[in-house]
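Feature annotations, courtesy of TrEMBL:
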DOMAIN    33-158  domain 'Calcineurin-like phosphoesterase'
Amino acid sequence: MGRTNGLDDLLFGSFRTVSVVYISDTHNTQPELPDGDILIHAGDLTDGGTLSELQATLDWLRSQLHRHKIAIAGNPRPASQQNAERAQLEWGDTVYLQDSSTTVVCSNWGQLKIYGSPRTPKMGNWAFQCPRGQDLWENTIPDDIDVLVTHGPPRAHLDLFNIGCDDLLREVWRFRPRLHVLLDTCMAVYERAVMQRGGLVNSALACWRFVLGAFGRPGTLLVNAAIVGGLRDTGLREPIKVYI
């Protein structure tokens, strides 16, 4: 599963699935989005986090035709400003989640419980960050959620510079949501290989677990939905559409 096209819509559309369009890090851009049942924005809606930038992005989200729209905050502005202007924004039909959940009802599938949080380990003086070593997630995420939306990755998954959150990785293993992290029978070995920087034994175990996992139940789907990327945020990626 990942970025999809018209053929995917044809193949999956007849099944009892929910299509989720997943974006993040748009940084004031307004990309063309595929249709879907649910639109999720995983943070960094703007560059500077000013009121005018935020409202422009919310107006763009409101113009989208997705039945359900959900957004969390990112970290583009100093922590001292994170709550000061939020009450002035017009969110329209976009549901804002901050360490909270919402339940959406999809006509062709049923209910999905979605939890969102902008928490990340500290990297500079930005919003919603906590010192590394402090448990960010203990007793915060409900056990019965289907979709987890966070601004930062768990450790060892979509974690290019090894700055992901160890505590988030533990929590994802605990409740295993449908959508957030690719978590199957080989992931524990893979994570150990990442932590220990490879090794022949770890590599061999990862291959063996991958073979065993091919015959087991599917795990959780991990999505990195950043739109703007690259060394100086000059790269643009396509939105991701997944089926769950």
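From the backbone N, Cα and C atoms, a Cβ is placed for every residue, glycine too.
Residues of the domain 'Calcineurin-like phosphoesterase' (33-158) grouped by DSSP class, helix first, strand second and coil last, total 18 helix, 35 strand, 73 coil. Taken as a whole, the domain 'Calcineurin-like phosphoesterase' (33-158) shows an average pLDDT of 85 in this prediction.
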